[in-house]
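Single-structure report; data block below.
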C-alpha cells in the first residue's frame, strides 16, 4: 500500500526586501511513504546561507483557504493490484508518482485569489540600454513574423461594419477556437525553453566552480515547469497533428541552441528578452479572454476546465476554461515581473530573492519590474 501525505511547510517571516509585505501563496510538500507512516518533509534552512543571503526568508506557507479554494490536507491511498507489487516499477507506468497524487508534486507556483486574477494590467517596459533595445526589438520582430505566418490581424475595428463572426475569422481579424489553441500550444512549447536553459547553465556553473548559485536555479526551474504545465493543460483540448509537432520540433531546436549560446554571452539580456516575451504573452491571453467574454469564441463559452488545471491552480470543481485563461495570464505576468527584475541584477553575484518570496498579483500585475533593495 502506498500512502501519500501533503505537508505544509513553515518559515520565518523575517524579510528585508523592497518587494511586498502582502500574503504569500501556499506551498505544499509531498511526502511519499512506502509501507510505513514515515513522513518526509523538505526543510529550508537559512543557517548555511552566505551573509548577504541571511536577510532573506523562505517562501512562507499560510493555512487560510483562499475564497472558493479547498486547500485541506488529504491522505490518499492508492490500492495495488494483487500480485503486481509496486506499480512504480511497472513498465507501463507513465509517472513515478501514483495516479491519485495530483498537483502537489510540482514545484512552487502561486495559487491566485479572484481579486488577484483581475489585477493584471497590460504593461510595457521602455527599453533603456542598448541591450534592452535589442531584446525588445527581437521580440517585436518575432511577434510580427508569427502573426504574418499564422495570418492573424488584430483589429478592434473591422473594415466592414456588420461582418459576421465567420466572416471576421475568414478575413483573419478573429481567431477560431482551433487557431487560438494552435497559437497557444506553439507559444507555450517555446516559452518553456528559456527557464530550463538558464537553470541548466547555472547548475553546471555551480558544479564547475563549486559554489552556491544564490537561488537562481530554483526560480528558473519553476518558470520552466510552469510553462510546461500550461502546455499540458491545453494539450487536453486538442492533440496536434504530425505537421504541427514537426514545426514545434524545428522551432524548439533552433530556439534552444540560440538561447543557450546567448545566455553564455549575456544572461542579463536573455532575462530582459524573456521579460519582453512575457509582455507579449500577457497581451495574447488578455485578447483571448476579451474575445471569450465578448462571445467571439462561442465554442469555449461553457467549456469545463481540464482536470489538470483544477488540480494545478486549485480552481473550483466547476471552473470553466475562462478561469484557466485568467490563471495562465497571471502566471505570465509573474514571469514578466520576475525576468525584468532579474535583468536588473548582477547574475554572477546577486542573490535572487524570488526563490524565497514573491509579491502577490496586486504588485506583479501593476508593476513591470521591481527595484530590489537588499541591506544588511
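Heads up, the Cβ atoms here are built off N, Cα and C, so glycines get one too.
The range from 8-39, 40-71 that TrEMBL describes as region 'Disordered' is residues 40-71.
Close to residue 278 (Fe cation 2 binding site), meaning Cα to Cα within 10 A, are none of the binding-site residues out of 188, 227, 230.
Distance between Cα atoms for residue 230 (Fe cation 1 binding site) and residue 335 (Fe cation 2 binding site): 13 Å, as a whole number.
The number of other Cβ atoms within 10 Å of the Cβ belonging to residue 230 (Fe cation 1 binding site), over all protein chains shown, comes to 26.
Within 8 Å of the Cβ centroid of the Fe cation 1 site, not counting the listed residues 188, 227, 230, 332, the chain contributes 187, 191, 192, 226, 228, 229, 231, 281, 328, 331. Same-chain neighbours of the Fe cation 2 site beyond 227, 278, 332, 335, judged by a C-beta within 8 angstroms of the site's C-beta center, are, in sequence order, 191, 223, 226, 274, 277, 281, 282, 331, 333, 334, 336, 339. A sphere of 10 angstroms centred on the C-beta of residue 332 (Fe cation 1 binding site) encloses 26 other C-beta atoms.
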